[in-house]
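Participant: Here it is, the structure in full.
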Amino acid sequence: MSDSEDSNFSEEEDSERSSDGEEAEVEEERRSAAGSEKEEEPEEEEEEEEEEEYDEEEEEEDDDRPPKKPRHGGFILDEADVDDEYEDEDQWEDGAEDILEKAPNIDNVVLDEDRSGARRLQNLWRDQREEELGEYYMKKYAKSSVGETVYGGSDELSDDITQQQLLPGVKDPNLWTVKCKIGEERATAISLMRKFIAYQFTDTPLQIKSVVAPEHVKGYIYVEAYKQTHVKQAIEGVGNLRLGYWNQQMVPIKEMTDVLKVVKEVANLKPKSWVRLKRGIYKDDIAQVDYVEPSQNTISLKMIPRIDYDRIKARMSLKDWFAKRKKFKRPPQRLFDAEKIRSLGGDVASDGDFLIFEGNRYSRKGFLFKSFAMSAVITEGVKPTLSELEKFEDQPEGIDLEVVTESTGREREHNFQPGDNVEVCEGELINLQGKILSVDGNKITIMPKHEDLKDMLEFPAQELRKYFKMGDHVKVIAGRFEGDTGLIVRVEENFVILFSDLTMHELKVLPRDLQLCSETASGVDVGGQHEWGELVQLDPQTVGVIVRLERETFQVLNMYGKVVTVRHQAVTRKKDNRFAVALDSEQNNIHVKDIVKVIDGPHSGREGEIRHLFRSFAFLHCKKLVENGGMFVCKTRHLVLAGGSKPRDVTNFTVGGFAPMSPRISSPMHPSAGGQRGGFGSPGGGSGGMSRGRGRRDNELIGQTVRISQGPYKGYIGVVKDATESTARVELHSTCQTISVDRQRLTTVGSRRPGGMTSTYGRTPMYGSQTPMYGSGSRTPMYGSQTPLQDGSRTPHYGSQTPLHDGSRTPAQSGAWDPNNPNTPSRAEEEYEYAFDDEPTPSPQAYGGTPNPQTPGYPDPSSPQVNPQYNPQTPGTPAMYNTDQFSPYAAPSPQGSYQPSPSPQSYHQVAPSPAGYQNTHSPASYHPTPSPMAYQASPSPSPVGYSPMTPGAPSPGGYNPHTPGSGIEQNSSDWVTTDIQVKVRDTYLDTQVVGQTGVIRSVTGGMCSVYLKDSEKVVSISSEHLEPITPTKNNKVKVILGEDREATGVLLSIDGEDGIVRMDPDEQLKILNLRFLGKLLEA
């Protein structure tokens, strides 16, 4: 073929191609102007064929075009290579390339294309309706995707392929890390943005593209720019970025996408796992996952409904308006009750296994099934308590209590420890048992217990649960019983029953809250202040023993046998009763740690060890009793000593091994006279040569109020807290400081003799030829036989007066000088404060006022084990009154016999005037000069000053003698208690205070802090100078003696010497002697 023919052929092809292009364009415009509603498939195929023909012709003409034309075409094609093909189809109309080739320059082509496009758009808007325009654009632009054309029409592409076009390339800006001040990353990014805006329209705008400050990156920000110099220009002058001004690190292209990668934590919720609601009426309620819809981001929950039955009732009773105006009240959790809803007029429909009410679905068991958004629930770290689970479902149906939502990137929430036995609860190895070797966060490494598996296996924490078998000894590490230990007695599917070591209760605990252990619980609470079995005070009148320790509460067995639950703060103080002593049913001394038998009451037949004594109650521990950890309480009169008691410090034995049976003798609150008078530092003083072991504790001195007589603390007063043979620990009143003092330097308050004074036993002869002078060992019986000793143990309880009326006594006339009546002792020495050798001249007569040699003349209270306060004077008339007809030295007148008044001041009464033998006392005599008044006997004993007497003395004055023990002894301080009204006796030294009434605020040893109403001040007075005020009708009273001591009540009426009292706790009526009652201060 010749060149001319070739050129002609090419020209024909060009013309043919151009004509074809023009026809296509005309056809397109014609269809647009006519407003055709759809394009048929043959037309689409023709367009594709035309495109293919155009591509082939383009390739064939590459060699035949003039040099300039290919240059224009090459430029366009190069740009097309970079861009995607589907963008060409979207941006260029068909035949646009032909127009460009024919155009003389590219500017005209762009202008013509804009004009034609605008013209066509105007035609469309003018001629077409909105629906037709929408359909046109849908068909125009919703063509098949590039993937269908390039990759053979696949429906969808993989994510990797579709995201490739969005990845950064070499021609994109780079990310540069710049060191920033920690904590100021976000503020620095904002300041760079403001700087960019400020420089945007200046001659030197910033060349950076963006700034990124991710939340998880500390100390760095990312700056996007093409060059490092652009970054330096931008950060120059920014204070927070001066650390990174000289060094910026470029992020590799492959790692740039990780900077902005957002990983959203999606909770791994599984059916039957637990969640809590965040808001609304169900806020903080526990719920169980029924199923999850990840696509809709919803979750269906099973929960206990909260239905407002009052609102339903109000609505059904045409009170809609009122119900709406009512203040919103959150209804309680309650299972759905269809019958109750119907009874209120509600409409309940049935839908298969569910009941429908107000659009909500309820199961037949009453649970609500409702869908919530994922954002409305708390899915992480939800651990239902055992009480919630029991309330949620009585009999769990395959519920896995150990399913806990997965926690990623957070603090581990399991409590697995190396050595725990575990079991796989999900996965392919379910039910495989093993032992934990190591714990690394949520990854647990175990050694399986299987013959075919010899290697260690690693599991996530949520796939394991603890496994226990019967007989394991475990410790509770969480929950209500935290800290308790016990033996597993039963293992159920979802919880474990263990038998507590300490309280001997059965505890129901979740397996996750247990841990294997070998030790036993200490029985001390979380704060370390209280322990199991400790005696605590619940209120001023009630004590109890802690029988169960829980995290926030105690269970206390009170003195009435009831178990009460109290919070830790309600226990005010501990009671220390290590030295308490009581009497059993056979009048035996019983102490703490003694073994006793119960012979009466609800616990009759039991045997136990005394743990605590309080008043007339004893708290016992029996190992055979399961209830309350073996602790029970009963009254001391229902006990009998079973024999041997556990070893204790026995330091109170008297001469010849005699052990006093009175609990008052060894009680530190009521020290015996031996401790007061016998000399603190004299080993063997008053004990006939028998001394305690060196360094052993002296219980007699503990609790006494003493004054320091020598040394740097001379004159200080304090209470003895501990004492040995040589030293004593004294707590000073003024400084609240406890110091150690030599016992030789101590003097008890109320005594004028130094404590270290030796005994004067055995001086022969002394005054009145008494052998020995103080008669410490020659009396038989040595101590006056008081039976019974304690108030409350007598039968009958009140009165105990034999005979009750005059004339029934046998013998009717018997004086104090009757040799058959042992007038021993005649008088308690400590009624007066005097020294042994104060009398300047010896009197030829005994202290009783007659020359009759008394043996002994008066009891020597220097024996450390004898408390003369409690020695009854037998017979009723002491020798001091000089009235007996048996005196060999005097012939009394017919009226010489009288009975002393049992008032508190009786021992200070003067001797009677010429009614009988009148004795002339020496100047140093212990008795005041008698006045000429006649003595008037008083048949009614006083609350404190009455000395028990036995019949036998003549009583012309008509005095009724009483059985020993029926009254309150002269110097007894047992009646002293707080909050009662008292009167200061005339024996007190301060005359301004004598006769005033007050209220006892506190009692320390024998000293009482009394608030005096008249002078409005608080003074410390010994109990021997106080007497209680007798209450009257309707007064608030407090029992000061007897088995009901410390109990309070109201005095309803008075019948002779008795009063009818309505007790406070149970409003029980009791008849009590008025001597046993003290008047309480009324508000």
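Along the chain as shown, the residues are counted starting at 1.
Yeah, the Cβs are placed from backbone N, Cα and C, and that goes for glycine too.
From Swiss-Prot, here are the annotated features:
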COMPBIAS  853-862  compositional bias 'Pro residues'
DOMAIN    468-499  domain 'KOW 3'
MOD_RES   SER32  phosphoserine
MOD_RES   SER662  phosphoserine
MOD_RES   ARG677  asymmetric dimethylarginine
MOD_RES   SER682  phosphoserine
MOD_RES   ARG692  asymmetric dimethylarginine
MOD_RES   ARG694  omega-N-methylarginine
MOD_RES   LYS714  N6-acetyllysine
MOD_RES   THR771  phosphothreonine
MOD_RES   SER785  phosphoserine
MOD_RES   THR787  phosphothreonine
MOD_RES   THR802  phosphothreonine
MOD_RES   THR1030  phosphothreonine
REPEAT    807-813  repeat 'CTR1-9'
REPEAT    912-917  repeat 'CTR2-7'
REPEAT    939-946  repeat 'CTR2-10'
Participant: In whole Å, how far does the CA atom of the residue listed as 'N6-acetyllysine' lie from that of THR1030 (phosphothreonine)?
Facilitator: 40
Participant: Given the model, what does the mean pLDDT over the repeat 'CTR1-9' (807-813) come out as?
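Facilitator: Within the repeat 'CTR1-9' (807-813), the model's average pLDDT equals 44.
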Participant: Helix, strand, coil residue numbers for the domain 'KOW 3' (468-499) per DSSP?
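Facilitator: Once the DSSP states are binned, the domain 'KOW 3' (468-499) shows 0 helix, 15 strand, 17 coil.
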Participant: Is it possible to get the count of other C-beta atoms within 10 angstroms of the C-beta of THR1030 (phosphothreonine)?
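Facilitator: Total other Cβ atoms inside 10 Å, all chains included: 18.
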Participant: Within 10 angstroms of the C-beta of LYS714 (N6-acetyllysine), what count of other C-beta atoms is obtained when all protein chains are considered?
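Facilitator: There are 10 of them.
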